[in-house]
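Chemist: Take a look at this one; I'll ask things after.
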Amino acid sequence: MPLSDTLMTTHANVSAKSHSHSFNDLLIRALECRNESRPPVWLMRQAGRHLASYRALRQKYSFLEMCHHPDLIAEVTLLPIKAYSVDAAILFSDILVVPEALQVGVRFEDQVGPIIERPITHTGEIAALPEPHDLSALSFVQEGIKRLKPQLNVPLIGFCGAPFTVASYMIEGKTSRDFKKTKRWMLNDPKGFHQLLRKIADWSIAYLNLQIDAGVEALQIFDSWANTLAYRQFQEFSLGYLDYILKGLKTPVPVILFCRGSSVFAPQLASIQPRGIGLDWNCSLSYMRRLIPSSIALQGNLDPDLLYAPLPKIKEEVNGLLDEMEGDKGFIFNLGHGIFPDVSEEAVRTLVECIQSRG
């Protein structure tokens, strides 16, 4: 579907704007564990289908068109800033832009999700995957960040998927319930599996450095499927590659590590010293703070299902979490997972305003 002419005005509007208001650095202060004010709040999937403005754009453009066009990247990233005045923006993109650059073919189907058109089936196919010497396949992300930055007065968070999660998509070919193909390869040919993880990690480093060069102030790495791994498997097939990526970043931009549904791995994540760790709702943040050094920020961890509750209940739960983490200089308020598509904007606004009313 061709982009409408109205989009062509976006870049001019971006260029004409600058940081007209003082920069809100709450997120950066919290990631440095020196925040003396209220906690910053941003929400995973804050620029998503729960927003009427997002759904209106999806009527015009496919998901991949929105991910690929710099003006749309900027426009969609800004939607929750305009709707809720959250304290950080997260780049509108998808973790599968890296497999796309690896030329395995990516498409998104409604009601199905992401599809890898040419899944990796054995070690012999890895050598044919391109090396991250030429990042032109990801230039739309860099350009989107550059067009977005002048419009923001809050930090911009870039991101990528963790190597294990990205490898799982590339092997399974789509979202999986049991990850049997991935685990069979991992257990029967660990050497080959490590080759694939290393390739993805090298691309992830290059991709995150591209985002840093374009101007992001923070990064988050999503290990969405880490919860499928046993404790020792996590150490071997995930943690080491997260550490490898952290050490490969050429500029010391703060990095948050988020392993969905696997707060049990948080102490292991702390051992590689990220600036922040995202936690799900199955743990107590105050308890995790006793396990995690105060030099590492904690992000989370409201149950996203609570956004279906009556507004007074949302306020009660938000205030309870704020009270639990009162005085923690490294606390970032977020959900334990992304906002669900059928959550009301009023519920999200209530959550954000409850936090920001703390001053």
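The backbone N, Cα and C atoms fix where each Cβ goes, glycine too.
Remember, predicted model here, so these are calculated numbers, not experimental data.
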Chemist: Same substrate site as Arg45, Gln46, Ala47, Gly48, Arg49, Asp94, Tyr169, His337 according to TrEMBL: which of Ser224, Ser238, Ser271?
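Modeler: The record-listed residue among the candidates is Ser224.
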Chemist: What parts of the chain pack near the domain 'Uroporphyrinogen decarboxylase (URO-D)' (40-49), using Cβ distances under 8 Å and only residues at least 6 beyond its ends?
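Modeler: Beyond its ends, the domain 'Uroporphyrinogen decarboxylase (URO-D)' (40-49) has Cβ neighbours at 26-27, 29-30, 55, 58, 76-77, 79-80, 84, 86-90, 92, 157, 258, 332-335, 337-339, 341, 348, 351-352, 355-356.
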Chemist: With DSSP as the yardstick, break the domain 'Uroporphyrinogen decarboxylase (URO-D)' (40-49) down into helix, strand and coil residue counts.
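Modeler: Once the DSSP states are binned, the domain 'Uroporphyrinogen decarboxylase (URO-D)' (40-49) shows 0 helix, 1 strand, 9 coil.
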Chemist: What Cα-Cα separation, expressed in whole Å, is found between Arg45 (substrate binding site) and Asp94 (site 'Transition state stabilizer')?
Modeler: 11
Chemist: Please report the DSSP secondary structure of Tyr169 (substrate binding site), reduced to three states.
Modeler: helix
Chemist: Any idea what the Cα distance is from His337 (substrate binding site) over to Asp94 (site 'Transition state stabilizer'), rounded to a whole Å?
Modeler: 15
